[in-house]
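Beneath this line is the structure, given in structure tokens, with notes to follow.
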Amino acid sequence: MDHLPMPKFGPLAGLRVVFSGIEIAGPFAGQMFAEWGAEVIWIENVAWADTIRVQPNYPQLSRRNLHALSLNIFKDEGREAFLKLMETTDIFIEASKGPAFARRGITDEVLWQHNPKLVIAHLSGFGQYGTEEYTNLPAYNTIAQAFSGYLIQNGDVDQPMPAFPYTADYFSGLTATTAALAALHKVRETGKGESIDIAMYEVMLRMGQYFMMDYFNGGEMCPRMSKGKDPYYAGCGLYKCADGYIVMELVGITQIEECFKDIGLAHLLGTPEIPEGTQLIHRIECPYGPLVEEKLDAWLAAHTIAEVKERFAELNIACAKVLTVPELESNPQYVARESITQWQTMDGRTCKGPNIMPKFKNNPGQIWRGMPSHGMDTAAILKNIGYSENDIQELVSKGLAKVED
């Protein structure tokens, strides 16, 4: 197979990934592949572009490094072109409502007839099967959080709150990426393709597991946090200093001992409630939990963030300032690791945003292209799989494909 024009880089160079999906979750999976060197083809509707394009800046990050194909994959010759593309594809990712592709005749079995080694990742809110009530429902970030038990655990004591920005979308997209790579590893061993059913609510169920396990195995439900503090453990979570906010984790025997000396609670060490060797102070079960919070709040409020960070570094207590977005760019760690970078958009502008992560030492990722326009690479992709200029024009004339104007 000849690949589309692009630089060769990253651990996934030579891999062809195709995705069909809008907004965040499914495309985020494709984005990870693209930043790690795979050739990634983004399928868009012919008549209506991906709704993400209405955003002014985010698409330049979320659709960089992609090849844009505008094709009606469910109808007539458009479907034929899509299936021909699948013959040269390693991984196909689709994000839709339940078994939408199967309902329209593109089943796993049809895809495997054209490519027995194909890895297929289906990403939906509620999965490919289940009850009629849920399976075909639309889902976004907040829907998956609400249905999974994740949302109810977040917020404050007075009200639950979703975790933003769009946590379920990103977790689900990354799950699709890792699952597809796991499947590809097995396919290369057996020669037999795989189909993956990723339900967003199940991803968030797994991500929300920490406190749920106490309920499933004892009936105890953890309360929601209060003012950003850990619902279980004192000295953990969000705290206010004299000039801003920090997060901290008071964990460890010596850390607790030394911190208690600073905040005037050394006399509690070695008591039945806080015996020697205590590594965590339970906010509820320990009768001194509220007192620890009161003393810690007072001590932190009397010190600046810089003073707290310096002292906690001496005590080996993990803490960090809560950075504002304007502070990120100039932070020395960000600068040293080039965590924020710039790249050129297709129309020649400069765009600034997060760099590629993680950092591969021997085969690093690369930003080689900004977001392509709607249908920008349709002709090149169709030619790559054997279509002539006349074939392409016929698809366009029938409204089954769109090429760049």
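Each residue, glycine too, has its Cβ placed from N, Cα and C.
What Swiss-Prot records for Lys97, Arg104 is CoA binding site. A C-beta separation below 8 Å, combined with a sequence spacing of at least six in one chain, links Arg104 (CoA binding site) to Phe74. DSSP assigns Arg104 (CoA binding site) to coil, not to a helix or a strand.
Here Swiss-Prot flags Asp169 as active site, nucleophile. Mapped onto three states, the DSSP output places Asp169 (active site, nucleophile) in helix.
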If you measure between the CA atoms of Asp169 (active site, nucleophile) and Lys97 (CoA binding site) and round to the nearest Å, you get 14
